[in-house]
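Structure first, then comments.
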Amino acid sequence: MGRPAPRPLLLALLSLAVCRGRVVRVPAGTLVRVVGTELVIPCNVSDYDGPSEQNFDWSFSSSGSSFVELASTWEVGFPAQLYRERLQRGDILLRRTANDAVELHIKNVQPSDQGHYKCSTPSTDATVQGNYEDTVQVKVLADALVVGPSSRPPPGLSLREGEPFELRCIASTTSPLHTHLALRWELHRGPVHRSILALSHEGRFHPGPGYEQRYHSGDVRLDTVGSDAYRLSVARALSADQGSYRCVVSEWITEQGSWQEIQEKAVEVATVVIQPTALQLAVPRTVSVTEGKDLDLSCNITTDRVDDVRPEVTWYFKKTPDTSLLASHMLARLDRDSLVHSSPHVALSHVDTRSYHLLVRDVSKENSGYYLCLVALWAPGHNRSWHKVAEAMSAPSGVSVTWLEPEYQVYLNASKVPGFSDDPTELQCRVIDTKRLEAGVRLTVSWYYRMTRRNDDVVASELLAVMDGDWTLRYGERSKQRAQDGEFIFSKEHTDTFNFRIQRTTEEDRGNYYCVVSAWTRQRNNSWVKSKDVFSKPVNIFWASEDSVLVVKARQPKPFFAAGNTFEMTCKVSSKNIKSPRYSVLITAEKPVGDLSSPNETKYIISLDQDSVVKLENWTDASRVDGVVLEKVQEDEFRYRMYQTQVSDAGLYRCMVTAWSPIGGSLWREAATSLSNPIEIDFQTSGPTFNASVHSDTPSVTRGDLIKLFCIVTVEGAVLDPDDMAFDVSWFAVHSFGLDKAPVLLSSLDRKGVVTTGQRDWKSTVSLERVSVLEFLLQVHGSEDQDFGNYYCSVTPWVRSPTGSWQREAEIHSRPIFITVKMDVLNAFKYPLLIGVGLSTVIGLLSCLIGYCSSHWCCKKEVRETRRERRRLMSMEMD
């Protein structure tokens, strides 16, 4: 058996569910209102069924026994005839605040409205539960509140700023109930009104916005006088205090444990007019003072205030004549406590209470401008406070500072004039005939350059360098880099002498130069201000510009010689319009006209620079490293020798001479370059002529086969002994169908039998051998697809001369032969086919084995019944 449920708890829940129902509520307790005010009674309903919007009926009873219909939200004919006229006028109305709430408004409550008011709601519930009406009692009191000014009509007060004033308001009540009064002072200026100070019904003071500081300082106070007078006291009137003052009094009573305002009255007490304080300032219109003297400016004050006001005087300085303080500088200030705030050279004092003097000592030109006097009058307030009652700005006083500028002349001369390019130039700028050049004046210089034009076109000057008053030297764009490199030097020898030196004058430096000497005056803050500029007359830097001339003549002492002899050539140099020249020589060689081996090719052999340092250029004959000599015979003559000349040395030989001019120190400048006449080396011989050709029995091979290429040399003309001939053979290949790519070196064999093989990126290899005296065999082993292309050989013959020396002949080239490498289809597909057939056979056998195993072990069914038992089963079914 289970435990029985707790019966008391169930009964309590059931009772709560049964008791719950509609609840209509109006304010509890008694509502108290004053005759002539508005009565508002709220009513709401909760815990109801039916539509969300509920209707309300109001009834009134003066005694609480019988009620008269007053108003309804849903039935037009509900009100009694007694109240219909007031409903039509709007004195009585219902205002819905929510679907379940409504307010009854009765304007201008009368004593006859005192009684009981009942709020009821028609039923929309399924069952009648709860309360459908609620009643509240209203008491209407007579108007017992009396509010008024202390005098009628309201007075008009005319005050000056800073003067005190008082205003009084009479407020009292004879209400039979316990009520409190609250009072608030307001200031009205047109449509704007401000709360000044309020006394709440609980006896607390509340200053209005903007009056907090004045209230806490005691400047604005509120107190009572007697039993019914409230006094507003202002210790110091401000311009913002002008306007109409009203006294607002409200009466409060406690309802339902809280205070409720039951009526409010306001009365105009007084109109206050604040007269502005008259303040005028007078300063001198214009003042002229000599530089170095003292400036004295007066500011005279005129005002109608005779009470205890204190002036605050401030002097400002600015460069423009307007009266705004923008871009102005404060010079001195005398505060209301007579304390002066100024810089050391400025003083501010007052002769009497209405005249203030500004003294600026030792004025300079920077003190020229406009001076303004700003005066503010301060009146004492409550609790030792001060407030500003007037402020005025004077008209600007124009001050001009005259200066006796120094007098001097500037003279510019050229102490060094260049005769050639790269010569130095030196200019001297001197200051002469100085007058009134005091100790506080400093002289600086600026250098300018102007290009010389043959016509009358105006050319702008270019700044070279400028010196500031603090001796800082700044370079112009034209001279900045050269000055940093030390080519331009600016110096100051004496206080009146400035120098400008160009270490190496170029043709671009030709033109007019002039200097500008500036006078600078020291200011009080130790800064310097430019006061005067004096220009010198220009000095023209120019020299006759003639083109440099360099002539080189080459000659051959021995005009005819044979191969193996020594070749000698001398070069004579002459120059003009080149300063202190030194020469560098370069020997060049060109193939003679008609030589097709390397046409128009100039070869640099050996050189000698201006410091007589010899250098081999493109001399590549390793067997004759010491076979060429270049030496300096005289300052303008050079000799070139070539020992053991060969036939391949035939050509045109020249001397390329460059003249160098010193530019200072160990630096040189290239002045001119010239090429001598050619000296030809021509061997008058009837030697053999060599030709080269390429032959192959296998121009088309299958990949992997051997490629054989023969380079055959033929000799025409004179018959030579095989021991007197040797060859350098090189094989090249162009791996393309055309000759549009660069040739690749395959292998080379020099005349001494040394073989060199080029680097290859695939598996095939090459070999080169000499088959006979005039045949050379190139073999490509294990040919690949990349080995196709054009093949040719290059042959350099060497012939032994009668003197026993070997002479190098011109290099010859064979015509190319095209080699094709084909693919072997059978070999290419043999191994893939064998692999495919093998894999197919293995996969087929594996499939058969898997099928057999599956059918034997996995798919066989086990039969337990015998044939005889099956027959018996069939017999039973048939029976």
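Just so it is clear, glycine is given a Cβ too, placed from its N, Cα and C backbone atoms.
Taken verbatim from Swiss-Prot:
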- CYS43-CYS119: disulfide bond (DISULFID)
- CYS169-CYS247: disulfide bond (DISULFID)
- CYS299-CYS373: disulfide bond (DISULFID)
- CYS429-CYS515: disulfide bond (DISULFID)
- CYS571-CYS655: disulfide bond (DISULFID)
- CYS711-CYS793: disulfide bond (DISULFID)
- ASN44: N-linked glycosylation site (CARBOHYD)
- ASN300: N-linked glycosylation site (CARBOHYD)
- ASN383: N-linked glycosylation site (CARBOHYD)
- ASN413: N-linked glycosylation site (CARBOHYD)
- ASN525: N-linked glycosylation site (CARBOHYD)
- ASN600: N-linked glycosylation site (CARBOHYD)
- ASN618: N-linked glycosylation site (CARBOHYD)
- ASN691: N-linked glycosylation site (CARBOHYD)
- 424-427: motif 'Endoplasmic reticulum retention signal' (MOTIF)
- 1-21: signal peptide (SIGNAL)
- 22-832: topological domain 'Extracellular' (TOPO_DOM)
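Cα spacing between ASN413 (N-linked glycosylation site) and CYS515 (disulfide bond): 10 Å, rounded to the nearest whole number. The Cβ of CYS655 (disulfide bond) has 26 other Cβ atoms within 10 Å, all protein chains considered. Highest Cβ count within 10 Å among the glycosylation sites ASN44, ASN300, ASN413, ASN525, ASN691: ASN44. For CYS793 (disulfide bond), the number of other Cβ atoms no farther than 10 Å from its own Cβ, over all displayed protein chains, is 29. Note on CYS169 (disulfide bond): other Cβ atoms within 10 Å of its Cβ, all shown chains, come to 27. The number of other CB atoms found within 10 A of the CB of ASN618 (N-linked glycosylation site), across every protein chain shown, is 11. For CYS119 (disulfide bond), the nearest neighbour among the listed recorded positions (ASN44, ASN300, CYS429, ASN618), judged by C-alpha distance, is ASN44. Ranking the disulfide-bonded residues CYS43, CYS571, CYS655, CYS793 by the distance of their Cα atoms from the Cα of ASN525 (N-linked glycosylation site) places CYS655 first. Break the motif 'Endoplasmic reticulum retention signal' (424-427) down by DSSP state and the numbers are 0 helix, 3 strand, 1 coil. Within the set of disulfide-bonded residues CYS247, CYS515, CYS711, the entry lying nearest in space to ASN300 (N-linked glycosylation site) is CYS247 (CA atoms). ASN300 (N-linked glycosylation site) falls within a strand when secondary structure is assigned with DSSP.
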